[in-house]
Amino acid sequence: MSAKKKPTITKQELYSLVAADTQLNKALIERIFTSQQKIIQNALKHNQEVIIPPGIKFTVVTVKAKPARQGHNPATGEPIQIKAKPEHKAVKIRALKPVHDMLN
């Protein structure tokens, strides 16, 4: 019972679509996307929030430390020890209202 894979726009397809829509060449589009990625990475390293219009929000969140705990192997029911996880940072990506409105 395998789920059908949703169609995905690849990076190269995205570059081609943007190039066709803006009438700019693909090399320039690729440089723009690469620059955008670097800017987002730099902002997140400095704990800055980034919003990409029309409404995708990137934030850095701190995930609390989790202590070691007892669990069980779901296949065998055998008890296992789950390791503790230290506090760490993660990126949270959220679609804002304008993006949700696009779907309705």
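Glycine is no exception: its Cβ is also placed from the backbone N, Cα and C atoms.
Lifted from Swiss-Prot, the feature list:
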| type | residues | note |
| --- | --- | --- |
| SITE | Lys57 | site 'DNA-binding' |
| SITE | Arg69 | site 'DNA-binding' |
| SITE | Arg69 | site 'Important for DNA-binding activity' |
| SITE | His72 | site 'DNA-binding' |
| SITE | Pro74 | site 'DNA-binding' |
| SITE | Lys83 | site 'DNA-binding' |
| SITE | Lys85 | site 'DNA-binding' |
| SITE | Lys92 | site 'DNA-binding' |
| SITE | Arg94 | site 'DNA-binding' |
| SITE | Leu96 | site 'DNA-binding' |
| SITE | Lys97 | site 'DNA-binding' |
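Using a 10 Å Cα-Cα cut-off around Arg94 (site 'DNA-binding'), the recorded sites Lys57, His72, Pro74, Lys83, Lys85 reduce to Lys57.
Sparsest Cβ environment among the recorded sites His72, Pro74 (other Cβ atoms counted within 10 Å): Pro74. Neighbour counts of Cβ atoms within 10 Å were compared for the recorded sites Lys57, Arg94, and the top value is held by Lys57. Shown are the recorded sites Lys83, Lys92; of these, the residue with the fewest other Cβ atoms within 10 Å is Lys83. According to DSSP, Lys97 (site 'DNA-binding') sits within a helical segment.
Taking a C-beta cut-off of under 8 angstroms and a sequence separation of 6 or more, Arg69 (site 'DNA-binding') has the following same-chain neighbours: Gln81, Ile82.
DSSP assigns Lys92 (site 'DNA-binding') to a strand in the three-state reduction.
Sorted by the number of other CB atoms within 10 A, the recorded sites Lys85, Lys97 start with Lys97, the lowest. A Cα-Cα distance of 38 Å separates His72 (site 'DNA-binding') from Leu96 (site 'DNA-binding'). Around the Cβ of Leu96 (site 'DNA-binding'), the number of neighbouring Cβ atoms within 10 Å comes to 14.
Between the C-alpha atoms of Pro74 (site 'DNA-binding') and Lys85 (site 'DNA-binding'), the distance comes to 21 Å. Here the candidates are the recorded sites Lys85, Lys92, Lys97. The one whose C-alpha lies nearest to that of Lys57 (site 'DNA-binding') is Lys92.
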